[in-house]
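> Handing you a structure now.
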Amino acid sequence: MEYLIFIAIGVLFSVGTYLLLCRSLLKVIGGFMVISHAVHMLILTMAGLNTGSAPLVDLSGSDSTDPLPHAVILTAIVIGFGLTSFLIVLAYRTYKAHKTDDLEKLRGADNE
Amino acid sequence: MSNIIVLPILIPVLAGSLLILLVKKHRIQRFMSGLSAIATLVASLFLAVYIYTNDGIAALELGTWPAPFGIVMVADLLSVTVVVVTSLVGVCCLFFAFRTMHRERERYYFHPLFFFLITGVNGAALTGDLFNLFVFFEVMLLSSYALIVIGGTKFQLRESFKYTIINIFASMLFLAGIAYLYGITGTLNMAHIAERLDGLDEAGALPVVAIVFFIVFAMKGALFPLYFWLPRAYYGAPIAITALFGGLLTKVGVYAIIRTYTLIFTQDVAFTHHFLILLIAGFTMLLGVLGAVSSFDLKKILAYHIISQLGYIVIGIGLFTPLAMAGTIFYYFHHIFVKTSLLLFSGVVERITGTTDLKKTGGILKTHPSLAWLFLIPALSIAGIPPLSGFFGKFALVLESLQEASYLIAFVAMFVGLLTLFSMLKIFINAFWGEQKHTNKQAQTPIMDVLAPVLPLVFLTIIIGVGAQWSFGFSMEIAEQLLDPSIYIDSVLKE
């Protein structure tokens, strides 16, 4: 199971990297979103995919899954959500100001 | 009593939230903003004195969860000093912004974002948990994304998109690094990680993880070869914001390098420190200063100098001896004071002449002598002229690299010092000497009110230079504490 997920992470990372290198603003944002999913899956997998019970405190001490990665991923998802919405607004404003979403044309003049 | 560790984080975050509500009320907002900035400074000074008089380190377990399970806040000598300096630079930049910031920009949540930025920087310095460090980095960076684009000019929009994307990508790598480290050690508490990795014979995958973290912090701290976003991103924003970023943001990346590379990644010092960091330090210094020499714009020269000075700071971590670390710490604080004051002075030049292009400025010495002579102090300090503070930092670093037989890095450091002096003189000759190029009306611009907030920083670069006996001794204390990770580990895990 771990190997399958690692392959999926690898695919997501490469797709994300490809999108990050695209010239369109929106595709770059899409790339960031894909990479963030890959990273969240990486955290889950690196912590070990246990098959224990839900980590509820009944003080029995029997094998439950590690709750920490879930808390970490949840926080990371929330941060990623904030970043994505900010990026989309920024891209929209950039598009409106420059009348283009092509990063090649957003290089800027040489003599600034 | 160790509850006061949260004060430097709590005050700005509460102030920021309150200021969102007051955003329409201009005067009250400014008053509250100034008051909270000063309150943060007082709280951090109080914390620093408390830590210094009580063993030099204290840990706070949030929610009284015992150490490896709950989140801890750790205040040691380095982090409290970072917090004090951050709050001080914050106060100076804020009061400078009062006089220079465009009213329209201030209305778009400048003050709340400013305080969230301070929250992030202070939090990153005080946290003892790796994931929490990531969260505070994000708090700081999110507010920086918004601050750097505030005003929304075409230039700003274009450059801040690149700045945002590169930093977000670095954050994702940061998370991946945390995932790897969690997979290896099974904990996120930095002291606990260090304890579990201590005495490990086989480094295994750790050098790889160390490099992942180094790439992340190098991207945020603008080290070679990942500094390309800095000069243009910093160029567009209003000068009070640029000065705040130049003084604080990149330094947080370097702080994280210092923290992780003294506490966690000490398994393979010969490779990670002596080879990798020293190599990066040399290139960062050299290419940064070459960028400065080739530019002919005041703000851009100073932005490139941020990069080259970061190289100096990193040398000491690469050499990894007590004296070199002390040099790094000393240079770190010297650089914050000097760089912030230089950038703020460039803002004053822009206020007088309306431009930062050195071809269109000149003769300010005649019309505004106070600005010119005040500018000269940090300019000489950054170039390393005794008895100002830059000299002692450079002296310690070069001395130690000679003693450690790293002759090449010593040579590069001295050569870069020469080029730094050259580009500072270029600024001085073109902006302050020569024909007066601004109009007589511009020559009447009053500047005393904008010079006043910068004075504490200029004063400090003189003080820590002239009083080097004391200030370098303090850096030595910090360095010795850093190089003995057991102090940090014992204080967090209470063993």
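Including glycine, each Cβ sits where the backbone N, Cα and C put it.
In TrEMBL, annotation is done automatically, which means it is predicted and not curated.
These numbers come from a predicted model, not from an experiment.
Feature annotation from TrEMBL assigns domain 'NADH:quinone oxidoreductase/Mrp antiporter transmembrane' to B:128-419. Look at TrEMBL and you will find B:6-23, B:35-53, B:65-96, B:108-127, B:133-153, B:165-185, B:205-230, B:270-290, B:329-349, B:370-393, B:405-429, B:450-472 (among others) tagged as transmembrane segment.
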> Taking residues 6+ outside the transmembrane segment (B:370-393), which of them lie with a CB under 8 Å of any CB in it?
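Apart from its flanks, the transmembrane segment (B:370-393) reaches 305, 309, 312, 327, 330-331, 334-335, 337-339, 341-342, 345, 348-349, 352, 364, 417, 420-421, 424, 427-428, 432, 447-448, 451, 454-455, 457-458, 461-462, 464-466, 468, 471-472.
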> Which residues of the same chain, at least 6 past either end of the transmembrane segment (B:450-472), have a Cβ under 8 Å from a Cβ in it?
88-89, 91-93, 95-96, 99-100, 326, 330, 333-334, 337-338, 340-341, 344-345, 347-348, 351, 370-371, 374, 377-378, 381, 386-392, 396
> Cβ under 8 Å to the transmembrane segment (B:108-127), counting only same-chain residues 6 or more beyond its ends: which ones?
5-6, 8-9, 12-13, 15-17, 19-20, 23, 29-30, 33, 36-37, 40, 44, 71-75, 78-79, 82-83, 86-87, 90, 94, 97, 101, 133, 135-144, 146-147, 150-151, 244, 248-249, 252, 255-256
